[in-house]
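Enquirer: What TrEMBL shows for this protein is this:
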type	residues	note
ACT_SITE	126	active site, proton donor
BINDING	22, 23	phosphoenolpyruvate binding site
BINDING	102, 171, 172, 173, 174, 316, 338	UDP-N-acetyl-alpha-D-glucosamine binding site
DOMAIN	8-417	domain 'Enolpyruvate transferase'
MOD_RES	126	2-(S-cysteinyl)pyruvic acid O-phosphothioketal
Ligand SMILES: CC(=O)N[C@H]1[C@@H](OP(=O)(O)OP(=O)(O)OC[C@H]2O[C@@H](n3ccc(=O)[nH]c3=O)[C@H](O)[C@@H]2O)O[C@H](CO)[C@@H](O)[C@@H]1O
Ligand SMILES: C=C(OP(=O)(O)O)C(=O)O
């Protein structure tokens, strides 16, 4: 398996282009199942998760065509892809595919809405907690589906089609909100989703569904109203910029020092994160076309942060912030409230000489003067990138093993960082 080798110590200077958001791209691609016309997605990131989802969708009968050719090594822009689900040939999403990626479970909503049946393996994905699917099941049942778990599969049926209903989630869930919203677009009558996730990726999906002819109001707030329509058409939609990739590189600059423009980033998606970074001593300027992040000379100040659903501080940036705080001038506290087991980076950060103590859902990080490079490995995507960030600021050589996870969610990571002066390369196995 490939590895990433880093020699730390170089500041980052230059421009990093921000890709389309993985967590928007995946539900948008799944929305392609809702229509027999072509859905064209622009700015789709080139990621392992996107590739895997092409495979899963093609198993259901969705064709995809990538427009144009990649423009050599210098092309850093996302791809434009046509998705066509003219006929759904199979309503089963098999274990071998779904177990590799959590979001693939979300096909259950569109398949049920369009075909009246779906048989979807219980999902896998990042090992960051138990991640049950009870909200999906209760939500879809509110729309009239019958669902049983049989042999590790959620087997769902709605022989007379779905009907609108009131869905109240006990806890905010991004995936359950995406799934019920997609299912409700083709249900008979009106649906209300209460305690809906407010993440920008929900609003992005709703914009795309609306362009396809869906009738949705309130996406981006905690109450979404959907009036079902008999069919959806094709549309063209541009995937919004990746706020987690943006925050990750902003933290890398705050940690390694330097001056980087995150081109194409949208500051509106990152208010809570930018406030924390300012509090940590980074200079942040919001530009028309992106965000400029600087830290020159000033040390890193400690912070107190608790993760929360949007608009709070995202759990997907918790590991990266923890890496940053390992070199702060004092003691920081980071509390994780979304996933019960999202601290796998703690023991790996310790290999660099970081001082982190865990007590339940709170990590206490006492900043150290110097980190030293080490061989490290992580078992989830954001934990893996937190090790890259630490490696950039550590003295000497770091090897990040199991690059598989990084490739799930970061487009050309080593390319983007090395263009800004980092000494980072991929070692192919
Ligand atoms: C592809 C994608 O967009 N993934 C994101 C999505 O994951 P995902 O959609 O899986 O995360 P959720 O928002 O559903 O999870 C939030 C919490 O709800 C719990 N829960 C969820 C569903 C359910 O049926 N029952 C239940 O108990 C989960 O275990 C977790 O504790 O949102 C997370 C929270 O912002 C992010 O970290 C992930 O990067
Ligand atoms: C947890 C993540 O992804 P997934 O939900 O696909 O596991 C993530 O993007 O950080």
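Placement of Cβ uses the backbone N, Cα and C atoms for every residue, glycine included.
The shown structure was predicted, so the numbers you read here are calculated from the model rather than taken from an experiment.
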Enquirer: Run through the Cβ atoms and count how many others sit within 10 Å of the one on residue 338 (UDP-N-acetyl-alpha-D-glucosamine binding site).
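Expert: For residue 338 (UDP-N-acetyl-alpha-D-glucosamine binding site), the count of other Cβ atoms within 10 Å is 20.
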Enquirer: Between the binding-site residues 102, 171, where is the Cβ count within 10 Å the lowest?
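Expert: Per-residue Cβ counts within 10 Å for the binding-site residues 102, 171 bottom out at 171.
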Enquirer: Reduce the DSSP letter at residue 22 (phosphoenolpyruvate binding site) to three states and note it down.
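Expert: Note: residue 22 (phosphoenolpyruvate binding site) is helical by DSSP.
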Enquirer: Just checking: which of the binding-site residues 22, 174, 316 have a C-beta under 6 Å from ligand 1?
Expert: 174, 316
Enquirer: Which residues in the same chain, at least 6 apart in sequence, have a Cβ under 8 Å from the Cβ of residue 174 (UDP-N-acetyl-alpha-D-glucosamine binding site)?
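Expert: Residues satisfying the criterion: 23, 197, 199, 201, 202, 309.
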Enquirer: Take the domain 'Enolpyruvate transferase' (8-417) and average the pLDDT across it for me.
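Expert: The average pLDDT of the model in the domain 'Enolpyruvate transferase' (8-417) works out to 95.
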Enquirer: Under a threshold of 6 Å between Cβ and any atom of ligand 2, which of the binding-site residues 102, 171, 173, 174, 316, 338 are retained?
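Expert: From 102, 171, 173, 174, 316, 338, counting a Cβ under 6 Å from ligand 2 as near, the near ones are 102, 316.
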Enquirer: Residue 172 (UDP-N-acetyl-alpha-D-glucosamine binding site) has how many other Cβ neighbours within 10 Å of its own Cβ?
Expert: 19
